Each structure stands twice: as structure tokens, then as C-alpha cells.
Amino acid sequence: MTGLILTLNSGSSSLKFAVYRPVDFGELTEKDCVLHGAIDEVGEHSGFRAFDNAGNILVDETLPAEISCGDRPARGVRNEVIIPCLEWIEAHIGSEVLIAAGHRILHGGPHYTQPTRFSKQVLADLTALIPLAPLHQPACLAPVSTLEKTRPDLQQFACFDTNFHQTLPEVAKRLPLPRRYSETGVRRYGFHGLSYAYIASRLPEIAPDIATGRVIVAHLGNGASLCALRNGVSIETTMSLTALDGLIMGTRTGAIDPGAVIYMLQTEQRSADDVVDILYRQSGLLGISGVSSDMRLLRKENGNFSVKQAIELFTYRIVQEIGALIAVLGGLDALVFTAGIGEHDAALRHDVCSAFAWMGIVLDQSRNDQMSSVISAEDSKICVFVEPTNENLMICRAVLGCLNESRSS
Ligand SMILES: Nc1ncnc2c1ncn2[C@@H]1O[C@H](COP(=O)(O)OP(=O)(O)O)[C@@H](O)[C@H]1O
Ligand SMILES: CC(=O)OP(=O)(O)O
Ligand SMILES: [Mg+2]
């Protein structure tokens, strides 16, 4: 096949991108990646970085002031950065041509259950889901319109974070609200699906004996969730109707008593927009610590009492929810850590795993510190892994699937 494919993954603290050169319409692998990089949002780690497939730095720049994200945590990377990023990519690939772009889209709602080519209608339908994903959906969709205007020949595809969780049993999709809500799509969906799909696709290679067993994947980044896999498919996850449920996150509460929301609305007389801002952007690690949403910065402030409390509650909630998923799975064969914190924070992995010593989880301390793939000790009853996620690869595979389908139809 001729032509390159661009993938964009808008997270809550970064825009990650990659360019792939598929050899044919066969299974795409990491080897087909031409370059990858990220625009990070705030603080000392903000900037524009790209690497070639061997990991060599191609660019490492602070963003020009006029398009810099500045001090605006959890507002997503500004759409204006897309154009210079795209221009840099096009200059780098020279005479090769981008033929398609795949976008991570957070929410597909009840109707978008597989990767879909963008049209005006698709864009309108997904825009209507913004209230269910206020932190991500605008940032995920903004580059679609920008590319449509500036690169009209590029075919664009939506690849959903919700799709992987369609296998949740019906009972796990249900919310205990009056029946009419489920009929309008108010139910549990789950997110980080591209990441979980990638980890599930890696299991037969990294853990052939347990790939068909009971696995919990901990996707711990700025957004954080857990997924229970049985035989490689999702049977439960901590996020729900929105990416606000479940674990504590960089700036999000995770699950809280809805009574706290009623208190904000009735006693504090806050507007709905204010409440959205508090729950999505001012809470979590940032809200409790009063210092930062970024675990790298929190680890440097470990003498600070509020920081300690933030990390303590973050860890406690992970342990609680892993316990609940073990009950749902009826036991555990493997635990996999991934995403920014899961891949890099050895202390967090240590503290979470220590809470499951009673079940026979034993970490190999030096493997954990070196971030090896297998971090459990030989005598651990449950295998523990660190596996870097790769949402871009899954986006590109989905795009290729769509291109393949349209070619054969
Ligand atoms: N070396 C590190 N040590 C600890 N935490 C890290 C490290 N690198 C990244 N992180 C954490 O990971 C987060 C980013 O994770 P990522 O999965 O890329 O998030 P997102 O997709 O939401 O942008 C950062 O906000 C930070 O909290
Ligand atoms: C679903 C979600 O929270 O995504 P991210 O971690 O990329 O912000
Ligand atoms: Mg992410």
C-alpha cells in the first residue's frame, strides 16, 4: 500500500501522535511506525517531542507562547497546535503522502460501536456526546474539523475508547436509575478501550499461559481506570457512563457520593458548569494535594502532608477497586500496569502490590525498579507485568480495517 497514516490520541494532559507506513493491508506492527511523539500540556514537562522508530529524538521544543497550553490543567491541548505539528510531520516525511488520519474518540455513545469514517453527520452525532465527555470529546473532535478544512483529501476515521467494552455483561452495563434512562443510552460504557485492546493483544505474547485467564489491567495515567479481562475480553471496568467514575485521577474525582454533587448544587448554589469544572478539572490528585495533577511533581514533594494524602488515597482506591474486580473475576492470574504512572512509578506499583501480599503477590524489587516486563518474583502466585500501552497502533489498525473494508466493498 502506498501512503502513510496519521494517528492522533487526545488525552486529558497530552496529544499523542504517530505516523505509520503499512507495508500491506496485513496486520500492522510497531515496526511499521515511522515516527511518534506528543504535545504535553502543562508544567515542566510541556512541549513538543517526536522520535523515530528507534527512539532517536527528532524534535524536542517548547511550544511558541501564542500556542502554548500555559497553566490550564485538564483543558486538553489547544487545537492551534495541530497545524504546526502537522506541518512538522509533513516536512519530516518529505515526498511521502498522508492518506488517512485516525482519531481516538472518547465516547461513541450507544450507536457508534465500531471504527467509523467521519462525515458531517458523524461529527454532529459525536459532538452531541460532549456532555458525557466534556474533558476529552471537544479536544478529540477539534482536529477533525481542522484537518477537514486544511487537508480535505485526507480520509478521517473515528476510533472509539468505548468499543472494547461492548463485551461487558448486561448487568455490568446497567445503572440503577429509572428504566427510561437506559433507553436513552444512559448506561455504563467504560473507556481507555484502545489501551486495553492493545494490552489484550499483547497478552498471548507476554503471558501465553494466562492470556485466556483472569487478568486485571491498571491503566494509570492522567486519566486512570482498571479493566477485568477474561479470555482477553472486558467483563468489568471502573469507568462508567463517563470518564469521571472509578479511580481518583490527575484532576478528576473518580467515584464519589452523588450527595456531594447535590450539596454543590443546592447548598453552595453552584451552576452545572461550575460543578463540571470542580469534578473534572479541580479535584483528584490536584485537588487533594493543592500542588499538581502530575505524579512526577508530586513525588518530588513527598515531605508535603497534602501530597502524601493525595497519593495515599489514589493508592487506596486502586487497591479497593482491584479487590472488587478480583471478586468479579473469581480470582486473579495476572496484573498488568500501563500508562504514564503505571509504566513509570515503581513506588506506586510496590504499594498496590503490597496490599495483595495476602493473595500471594510478591514483587521482585529490582525488576520493579528497573521497570522490566515481568516484575513479580519467581515465587509469586500471581504474575505482575509492566507493559507500555500503544493506543496509536490500535487506532492505525482500526483505520486499516476501515480502508480494507471500503476497498473490498
Ligand atoms: N516518570 C513518571 N513517574 C511518575 N508518573 C509519571 C511519569 N511519567 C508520567 N507520569 C504520569 O503520567 C501522566 C500522563 O499519563 P498519560 O497516560 O500519558 O496521560 P494522558 O493520556 O491522560 O495524557 C502524567 O500526568 C503523570 O502523572
Ligand atoms: C479516558 C481517559 O481518561 O483518558 P486519558 O487518560 O487519556 O485522559
Ligand atoms: Mg491517555
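Don't overthink the numbers, they just go from 1 along the chain as shown.
Each residue, glycine too, has its Cβ placed from N, Cα and C.
Any TrEMBL annotation is an automated prediction that lacks curation.
Residue density at ASP161 (active site, proton donor/acceptor): 29 other Cβ atoms are found within 10 A of its Cβ, drawing on all protein chains shown. Among the features that TrEMBL reports, active site, proton donor/acceptor is placed at ASP161.
When other Cβ atoms within 10 Å of the Cβ of GLU391 (Mg(2+) binding site) are tallied across all protein chains shown, the result is 24. Under the DSSP three-state reduction, GLU391 (Mg(2+) binding site) is assigned to helix. Per TrEMBL, the feature Mg(2+) binding site maps to ASN9, GLU391.
Annotation source TrEMBL lists ATP binding site at LYS16, HIS219, LEU220, GLY221, ASN222, GLY223, ASP294, MET295, ARG296, GLY340, ILE341, GLY342, GLU343, HIS344. In the three-state DSSP assignment, the secondary structure recorded for ASN222 (ATP binding site) is coil. Of all Cβ atoms in the shown protein chains, 24 besides its own fall within 10 Å of the Cβ of ASN222 (ATP binding site).
The feature substrate binding site is assigned by TrEMBL to ARG104. DSSP assigns ARG104 (substrate binding site) to a strand segment in the three-state reduction.
Sequence annotations record features per position, and here TrEMBL assigns site 'Transition state stabilizer' to HIS192 (among others). Sequence-distant neighbours of HIS192 (site 'Transition state stabilizer') (same chain, six or more apart, CB under 8 Å from its CB) are ASP161, HIS219, GLY223, SER225, CYS227, THR237, MET239, ALA339, listed in sequence order.
In the three-state DSSP assignment, the secondary structure recorded for ARG252 (site 'Transition state stabilizer') is coil. A 10 Å cutoff on Cβ-Cβ distances gives ARG252 (site 'Transition state stabilizer') a total of 30 other Cβ atoms nearby, all chains included. Annotated site 'Transition state stabilizer' per TrEMBL: ARG252 (among others), in sequence order.
Largest Cα to Cα distance within the recorded ATP binders LYS16, HIS219, LEU220, GLY221, ASN222, GLY223, ASP294, MET295, ARG296, GLY340, ILE341, GLY342, GLU343, HIS344: about 19 Å as a whole number. When the Cα atoms are compared, ASN9 (Mg(2+) binding site) and LYS16 (ATP binding site) turn out to be 5 Å apart.
Between LYS16 (ATP binding site) and ARG104 (substrate binding site), the C-alpha separation comes to 10 Å. For LYS16 (ATP binding site), the Cβ neighbour count at a 10 Å cut-off comes to 20, with all displayed protein chains included. For the pair formed by ARG252 (site 'Transition state stabilizer') and ARG104 (substrate binding site), distance between Cα atoms is given as 20 Å, rounded to the nearest Å. Taking a Cβ cut-off of under 6 Å from any atom of ligand 2, the recorded positions LYS16, HIS192, ASN222, ASP294, ILE341, GLU343 reduce to HIS192, ASN222. Relative to ARG104 (substrate binding site), the binding-site residues with Cα atoms inside 10 Å are GLU391, the candidates having been LEU220, ASN222, ASP294, ARG296, GLU391.
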